[in-house]
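See below for the structure under consideration.
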Amino acid sequence: MVTTVFISLLFDLLAFTMILPLMPSLLEHYRQNDSSGLYSMLTRRISWFQQMVGAPERYISVLYGGFLGSMFSFLQFVASPIVGGLSDYYGRKPLMLICGTGIALSYLLWALSNNFALFVLARFIGGISKGNISLCMSIITDVSSVKTRAIGMALVGVAFSVGFIAGPVIGALFACTLNKKSESWYVAPALCAFTLAMCDLGIIAFRLEETLPKDKRVKEISSAISYAMQFLDVRSIFNFSAIKKVSQKEINALRKIGLIYFLYLFLYSGLEFTVTFLMFHKFGYTSMDQAKMFLMTGVVMALLQGGVVRRLPPQATKPCAVFSLYLIVPAFILVGLAKDERLLYAGMFLFAISTAFAVTCLTTLVSRYGNDDQKGSVLGIFRSLGALARAIGPVVGCISFWCFGSKLTYITGGILLLYPAYALQRANL
């Protein structure tokens, strides 16, 4: 079953990451070819602020990219806990099918998006359908024990790594072979992503078995709905209020891990999201140049997650998480200071090592808590905190990039990342 989840995630992430090296070019395309008028209307609305802060006009695409990234993640914030809670009642597979269908539809709409408004709508549908990631983690939790859970979570990390290796390369190959002066050059990569999403949907429909038996599900739909409503309350998700009938010690542990995860991802995602724009604007990287960078980071992550992270004994999970959170600090400082490719690659190398451990180890830590019929809710809340952080982080990071430039943004963000690392080191879990 874990293998099926791995293959499903891999198809999903290949499709999802294809767009990464294409995003700067896509936004530039819609700036020049937007029949809906949405792009130009937004540009007029922010022109006064641009003049006030003296932001370069060529960085406007960074700002729009940040808003799109934040919108996508905000929708994940809304969808993930609802999907997780409903899966505790209906089972995992039906909700996986619904999410997979929505994701495939979003790529089809991207292929048809001859204007910026349709592209935004495609990203909207994709974001609200992205509850499948938390469901995959719930499935792994269903079929694993405390001792084997780290292996399953590490395989999720491997899927992310392989996706971030191959997906951007596929996107870059499209960028290199297609004529970007054509008004519909984006159709081919969009249809490729749609095909991958349909393969994922087929795997879910015909290979995925239900992993949550009826006797372990929430007994009433009202319970699942009440969980979902609580998940939309920011205070409630930070307090893990939906998790009942567990000790206060467990609740306190969940709250500590959740807050650390949120702070880490808020800062991390804001800096991570702007990397493609930094490479595009500061270093003049083409889509293929960016793909090579993603290839390097993806290979490092895959090797570590496949060879090290999945073999970590339970007692090593927290120390490795602390190590990874500290390591991200010099990674972003080096990227901010980089004036040539050597420092940039050094920073991204440390970034890859840190990323290989951080989220997987934190997810493994949080998955230890809660009763069997609450695992979906616990991981749904956890994913929701991550999605909330990613909903705020990219737009804050891109606004800072737009106003103050990359150097100050990355160095400040890197220094602030010391806090979640220190907090986790001090936490008694």
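Backbone N, Cα and C atoms are what each Cβ position is placed from, and that goes for glycine too.
Copied over from TrEMBL:
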type	residues	note
DOMAIN	1-429	domain 'Major facilitator superfamily (MFS) profile'
TRANSMEM	7-27	transmembrane segment
TRANSMEM	62-83	transmembrane segment
TRANSMEM	95-112	transmembrane segment
TRANSMEM	152-174	transmembrane segment
TRANSMEM	186-208	transmembrane segment
TRANSMEM	259-281	transmembrane segment
TRANSMEM	293-309	transmembrane segment
TRANSMEM	321-338	transmembrane segment
TRANSMEM	344-366	transmembrane segment
TRANSMEM	408-424	transmembrane segment
Which of 62-83, 95-112, 152-174, 321-338 has the most Cβ pairs closer than 8 Å to the transmembrane segment (7-27)?
152-174
Could you check whether the transmembrane segment (186-208) and the transmembrane segment (259-281) come into contact, where contact means at least 3 Cβ pairs under 8 Å with the two residues of each pair 6 or more apart in sequence?
no
Across the domain 'Major facilitator superfamily (MFS) profile' (1-429), what is the average pLDDT of the model, as a whole number?
84
Do at least three CB pairs under 8 A connect the transmembrane segment (152-174) and the transmembrane segment (62-83), leaving out pairs fewer than 6 apart in sequence?
no
Report, as numbers and ranges, which residues of the same chain sit near the transmembrane segment (408-424): CB under 8 Å and 6 or more residues beyond its ends.
256-257, 259-261, 263-264, 267-268, 270-271, 274, 318, 321-322, 325-326, 328-333, 335-337, 397, 400-401
